Amino acid sequence: MVSFFYSHLSAGAGGWSPLISDKYQWLEVDLGERTKITAVATQGRYGSSDWLTSYLLMFSDTGHNWKQYRQEDSIGSFPGNSNADSVVQYKLQQPAIARFLRLIPLDWNPSGRIGLRLETYGCPYTSDVVSLNGGSSSLVYRLSPGPWRTSKEVVSLKFKTLRNSGILLHAEGQQGVSLSLELERGKLQLLLRQGKTSPEPLRLASLGSLLDDQHWHHVVLEQKNAHLNLTVDKNTERVQLPAEFSRWLSLGAIHSLRSQKPDTSSKDLHGCIENLLYNGFNLIELAKNSDHQVTVRGNVTFSCAEPVSVALTFTGPQSFLQLPGTTASSPGGVSVGFQFRTWNKGGLLFTFSLPQQEGMVWLYLSDARLRLMIHISGLWPALFSGAALNDGQWHSVDFTARRGRLTISVDKGEGGIAHAAPSFPVTTESQLFFGGCPAEEHSEECRNLFETFQGCMRLLTVENQPVDLIKVQQRLLGNYSQLQIDMCGIIDRCSPSHCEHGGRCSQSWTVFHCNCSDTGYSGATCHSSVYEQSCEAYKHNGNTSGHFYIDVDGSGPIKPQLVYCNMTEETTWMVLLHNNTELTRVRPSPAVSQHSVHFDYSTQEEQLLAAISQSEHCEQELSYHCRKSRLLNTLEGSPFSWWLGGPGQGRVQTYWGGAHPGSQQCACGLQGDCVDLQHYCNCDADRLEWTEDSGLLTHKDTLPVRSLVLGDIQRPGSEAAYRVGPLRCHGDKNFWNAAFFDKETSYLHFPTFHGELSADISFLFKTTGSSGVFLENLGIKDFIRIELSSSTQVVFSFDVGNGPLEVRVESSVPLNDNRWHRVRAERNVKEASLRLDELPVATQEAPTDGHFHLQLNSQLFIGGTASRQKGFRGCIRSLQLNGVTLDLEERAKITPGVQPGCPGHCSSYGSLCQNHGRCVERASGFQCDCSLSAYAGVFCQTEVSASFKPGTSVSYTFKEPYELSRNRSALPSSIYSEMTLRAENISLSFRTNQSPALLLYVSSYYREYLAVLISKHDKLEVRYKLDSSRDAEVLRSSVRNVANGQLHTVTIKRLTDSVSVQIDENAREDFNLTSDGEFNAVKSLVLGRVHESDDLDPDLAKLASLGFTGCLSVVHFNTISPLKAALRHSDTSPVIITGPLVQSNCGSAASTNPYAAENTPHLSGKKGGASFANQIKTKMSLCVLRACVCVCVLLMGAAVCELHYGLIKFVHLVGATNDNVLDNIIN
């Protein structure tokens, strides 16, 4: 072992080579004084096969308490040489300031020995240091206004200490407000105190960890007005200060501005401070020169006295320390003391044998508590002490066994004490083992039944005598393995935390873990959102209307927000409420000429603006109901009223709903149909009758409406009411953004992707090719790539400096099926993951001690590579990188070989169209055509049901072609009066307590018929009369009790003379007819009461005259849906309705809870989440999401209200003479 050796690199002979080549050797360099080291270079031993292939670097100011240099805060090892002659230089990312350098070999040429020539590079380092030794020792600076006064105040310093608490800086402002920077449990806390009477300080920031390691730490405070940036080492936190502070600054103890006497109620700092600068001025130098602005109190010296404390680091499962036990001359018993710190909940602290009793003693951590176990012919009752001892803090342990009494104490008793009185002597003349046991099997002196300790120890004592750990290091005392001596290598992997979006970080000695519960995010670092980014995305997952959390920027910083997604229309609407969407009367206050109202939205500002920006279209209703209350005045005059809309507090807008920005008009002015053509708003006519100006605001730049100011409300006779509707948006510009790559050599390129620490990539693709690169970005050595490697496999590969890694997902079905497939890849400092469609996630853990910064510098290629090889042919859609969507369509418009957009969505989403609904392609997406289905809704999934009374009748006549949907361009199949049926396909659902009852009746011009009924025995019957000269054939089902008030579904199929009947999930029943199987000249189909019963058999005629009481739903006969035609298209279908027919949801299987199908995801624990959902439901109580009841007032033949989402929307009042009409509604 060599304690000091140094050699400049040269071509001459020489070099360091220890006698023994193992990992316990080191080369130490004393630079004579503290130096700023910027680089190191290594070379093998001249003319030999001796060189290092990897090594560690350690630095120290004193030759003790070494600190390992780490690259990127993670990588400990440096690459060495590949031969004896070449020089390998490594520039330190952050210069190291130290006097001593120690190089520890890790690996060397297996054909040679350890050999090294070393050179260091750097420059002199100067500093001013002050040492504060407690006892109210401090430096107090009175910083009066003067030439130092600047708009930006900056304080910077370095400090080191062995104590985990103490006051570093303290500043006092006006009215007793003070700000202090205090060390608490090894972390720096920025605390605000509101005067002496303030019970507890307000914590503004908390930074750093393990700052009591007796190493220098850099602190910077930058204050500009009320903003302050606190930087500890390389991490910065920004805070807001509530008040200005006077120029009063102290270090080491709190001082009162009035008395200027130390306040010793808080812990003083024991440690050193270096290079204290205030706006560039060296304050320690001022203190040395006895400047009048500086007061020195207590024990202060201008040098750094550093106590020597030798620590051990137990790095892994092979680590242990062996020390000799007590000697024969020692008093009977055992006494062991030490301090430890760790992140692990378990691990052996020390053990020894009891030779006389053939037993063992173990002191170990279990669930972060100290536990003592003794085994002597069976287990002796265990002792416990302490709690939460894996917090990374130093904890002291004292173990004493004397005169039949055994004691274990934690933190000098403050952490707990446990006593016992064993009946046997606890002594040891054997060896003591700390942390673990030697690797030799069947050791009688050391048997470890527990986990090996990973952590640090110091201040070891045996029989109250300190253990000289330097002698241990020199192999002069005891034995050890896999220990780092004279350093504590603990790392806080949670400071700074890599857990994103509020994920809670916990750690062990080697890894950290993120708890993502209640955050709305998932993954190893809580990076990826668990929510979709829009209502449009939820729709295409097959969801129906309901409340959903949407995360507009995916993994970005904007939090998820709860919105209502209305999917009942062809367009999917996102609805964002504010605090008043009701029609509200203006109630003027005395002496107030204007009425102002502010609207608070249920989402945060950044969420609101992002949702508007992402949507293709947004609108908000703005209406003003007036009687002798003017609105906007003339184009030349100043407006009486205005509103504020847009980002932030909004900008003043002087146009009204339905008009254009800046026009100072209402909708009627734009259309030229105002009640007074001399004005541009109806209300500006200033009439005594109620009128209104209403319309939609559709310019996204002016949305949402923030405030409303109404001016003409104080004149005698003036009355007004306003309504600002919810913000409604539809369309997701990102979801359908796509490009088609028609050549393997075509690609799109974008700027370099920046995902140094965490990166997520998601997109959809479809192709007929078997391979191709979706995405690639290169660096000098690093890269990231996602590709289709085969027709069934997607590969995510990358390199961050540790060598290429791959994550693969294999599909059991081909991926080149020209259907959309979703890819989600994520890479962070902990792992990489890849998910394909809904297949299980594949993961690849990152090295625990390796590079983790992804450094790219080339362009990002989409659909190909820089080499134009292995390009992708097909479509890529909705490509997002870290939540940001790349505009593929815009770039494709100017790129040869790539086309914007990608049609053909029905191949992937057509299965969402249910119940015979037909998928229809659209430019962006698809829609379900439900014209041939008995169902309705966006996916043809909504049952169409009606409640029937005894007098209700729905008669559908088979004659002329009919059109079920007004907007369809192609007509469905037609049934003519002269046609003959040889087959029927009938389905319907019913709910009734009536027995007997006629459910469905089909007649013909030839006195033939088909009837579906419930018999008096509560069974289903199907009657066919296909020959007018013969009696009807009765097919009786064996299923009982169908008139029990429950919902039943019936399916009847006939093909010539074969008939099958199935009720609910019961077995299908088959029947055969004896007639010829032709149903001739079908005339009409009747649901409910049959009025023309001349052709019926007497018993059936009697039943038909009774009508039907109950519910009929989703009635389907071959290609027609008569009930749907009657309820939805009665004006265009050959339907005759008599009696009451009320549409309802009685045909829903969940009719006891009609809205059970609505999806309402819940983010438990999210502030405001549940209350917002209740608010939405309360606001929609007039229209419970689907079925709205609108009470209409008819005046002079004009309806004054119409159905509108969630609320009553007033349309137009013509010639209203009753002033109470509006009063009754808005009150």
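Quick reminder: no glycine exception, Cβ is built from N, Cα and C everywhere.
Just so you know, TrEMBL annotations are computer predictions that nobody has curated.
According to TrEMBL, the protein has these features:
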type	residues	note
DISULFID	Cys875-Cys902	disulfide bond
DOMAIN	1-123	domain 'F5/8 type C'
DOMAIN	129-304	domain 'Laminin G'
DOMAIN	310-488	domain 'Laminin G'
DOMAIN	490-527	domain 'EGF-like'
DOMAIN	526-578	domain 'Fibrinogen C-terminal'
DOMAIN	737-902	domain 'Laminin G'
DOMAIN	903-941	domain 'EGF-like'
DOMAIN	953-1146	domain 'Laminin G'
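Within its own chain, the domain 'EGF-like' (903-941) is flanked in space by residues 536, 539-540, 542, 544, 567-570, 572, 731, 736, 766, 818-820, 875, 964-965, 968, 972, 987, 1114-1116, 1119, 1121, 1123-1124, 1128, which lie at least six positions past its ends and keep a Cβ under 8 Å from the stretch.
By the Cβ criterion (under 8 Å, sequence separation of 6 or more), the domain 'F5/8 type C' (1-123) is not in contact with the domain 'Laminin G' (953-1146), since fewer than 3 such pairs are found. Taking the domain 'Laminin G' (129-304) as a whole, pLDDT averages 79 in the prediction.
Residue counts for the domain 'EGF-like' (903-941) by DSSP state, with H, G and I taken as helix and E and B as strand, are 7 helix, 11 strand, 21 coil. Its own atom aside, the Cβ of Cys875 (disulfide bond) has 23 Cβ atoms within 10 angstroms in the protein chains shown. Annotation for Cys902 (disulfide bond): same-chain Cβ neighbours under 8 Å, separated by at least 6 residues, are Ala738, Ala739, Phe740, Lys766, Cys875, Arg877. Residue counts for the domain 'F5/8 type C' (1-123) under DSSP (helix as H, G, I; strand as E, B; rest coil) come to 0 helix, 63 strand, 60 coil.
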